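*Asks:* Heads up, here are the entries from TrEMBL:
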DOMAIN    59-233  domain 'Mur ligase central'
BINDING   Ser88, Glu159, His187  Mg(2+) binding site
BINDING   Arg322, Asp336  ATP binding site
REGION    437-458  region 'Disordered'
COMPBIAS  442-451  compositional bias 'Polar residues'
Amino acid sequence: MEYQDAVRTLNTLQTNANYLEMVKRERGDPQTQLETMKLYLARSGLQVEDLDQLNIIHITGTKGKGSTCAFTERILRSYGLKTGFFSSPHLVQVRERIRINGQPISSELFTKHFWRLYHRLEETKDDSSCVSMPGYFRFLTLMAFHVFLQEKVDLAVVEVGIGGAYDCTNIIRKPVVCGITSLGIDHTGLLGDTMEKIAWQKGGIFKSGVPAFTVLQPDEPLAVLRDRAQQISCPLYLCPPLQALEEGGPPLTLGLEGEHQWSNAALALQLARCWLQQKGYQDAGELKASRPSLPGQLPPAPVFQPTPHMQQGLRHTEWPGRTQLLRRGPLTWYLDGAHTTSSMQACVRWFRQALHRCERPDSGSEVRVLLFNSTGDRDSAALLKVLQPCQFDYAIFCPNLVEMASTDNADQQNFTVTLDQVLLRCLTHQQHWSRLHEKQTSPDPWSTPGQEQGGPASLLLAPHPPHTHGASSLVFSCISHALQWITQGRDPVFQPPNPPRGLLAHPVAYSGAMVLQEAAAVHVLVTGSLHLVGGVLKLLEPSLSQ
């Protein structure tokens, strides 16, 4: 059977919108959900003990856990190790979630393993059980374990889906090492509405006697992590900053842009070094110094000299959709899946610095466009407030729907929301944006008093002409229509057939089209949702769909 048939069948395991709401209201004991996952594993032909063979690095956090996983995997691959990597969500194709040696598994391998697992679970169904098949994410987690075991990887980097304590990846009982990236507020309906509650959930991946590392966190959640680790005798260490590892050696170059990636890279280095040491590798970085821990504080992780393999891994790390730049003729695309307030602040810093570095056109105007969507229980008003000082000429809102009729591509289908819901949400985003512009007289929270614009310590934008379109915003029904309006046929790769009728019917759409056609440079920031970024990449980079 074909890959798309497998993905369509997988999509039937997505929960429809109404059922999802019911589950939220009647959520059962989370511990029972973990026990259920172990039953699914057994039905699939594996026991939890089998997962010990995978030499797992288990990583959670609110921000940067995917990037940290990518850094960690790439470092260890530089040592010649065969790596498995399980992550979520996917950007373009679902097989991106399961990688061998950094590459998504092939369509053929995905299809083979999907049907093998699906039929095995079908055969072991218990009609008396209320849930006979695992949900979408659980199924893919089971499938990743099977693929990694069949492919005989040396190690598997496993990214937690949501939270930690009750995430279905947490059936892993003996990881080699665990990591917790920067914490923030996200998935409050599932994890709690304070940093302390979220830290408790994330600390649920700690295991007795298994080393764990985290980065600098606010005092309260850090105390929760420390207590959680102490309760089960998990040795937890605090990573020193990346600069401490650079001292006395060559500067470290990261394959991912943005200052916030330094923290992710520092954690990845500690995780990789610990894994190598635990597995008896000698070339794991020479210790530079050890810092004594203060009473009541977490012991610091070692300061060591990153090896050439580690340096190479950091330099060659790729992770699409995170601080990613695409330059296409007059258009520059800035793609970042930031979807929490703090990650959006990091995204804005990166965007503004990237704008400041780019060459200004000799003549003609520059136009800045925001393409935004936000999903779930996230506070889109707070995210848009962080984005507002970027001085966009146009703000465009659309659902995470690539085309209005996308039945030919199952990878992008989502049954957990209805079309009406997502369009109404886009209109809500537009209303939030309009209200922010009504209050535009408020001072810029990103400016530093007393500094000239563009000064070395400033994150202000490069000079921008006075706004003629400051509050202009539009809602499109899908990503393709939004991109057709933004590009005006000027992107050399994205060349759709004919624009839909009515694309320029709105006065702002008509006047804006003239501006975009004549601009010397168009800067487009795509953010708010990784699914939105994935949909945009699907259209801008057709090779990702092959």
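Every residue, even glycine, has its Cβ placed from backbone N, Cα and C.
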*Asks:* Between Arg322 (ATP binding site) and Ser88 (Mg(2+) binding site), find the distance joining the two CA atoms and give it rounded to the nearest Å.
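*Replies:* Ser88 (Mg(2+) binding site) has its Cα 13 Å from the Cα of Arg322 (ATP binding site).
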*Asks:* Taking the centroid of the Cβ atoms of Ser88, Glu159, His187 (Mg(2+) site), which other same-chain residues have Cβ within 8 Å of it?
*Replies:* Lys65, Gly66, Ser87, Pro89, Val160, Gly161, Ile162, Asp167
*Asks:* Tell me which residues of the chain lie with their Cβ under 8 angstroms from that of Glu159 (Mg(2+) binding site), as long as they are six or more apart in sequence?
*Replies:* Ile59, Thr60, Lys65, Gly66, Cys69, Phe85, Phe86, Ser87, Ser88, Thr169
*Asks:* What is the Cβ neighbour count of Ser88 (Mg(2+) binding site) at a 10 Å cut-off, with all protein chains included?
*Replies:* 19
*Asks:* Where among the binding-site residues His187, Arg322 do you find the Cβ with the fewest other Cβ atoms within 10 Å?
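*Replies:* Each of the binding-site residues His187, Arg322 was scored by Cβ atoms within 10 Å; lowest is His187.
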*Asks:* Inside 10 Å of the Cβ of Asp336 (ATP binding site), count up the other Cβ atoms and send me the figure.
*Replies:* 25
*Asks:* Return only the integer: C-alpha distance in Å from Asp336 (ATP binding site) to His187 (Mg(2+) binding site).
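*Replies:* Their Cα atoms are separated by 19 Å.
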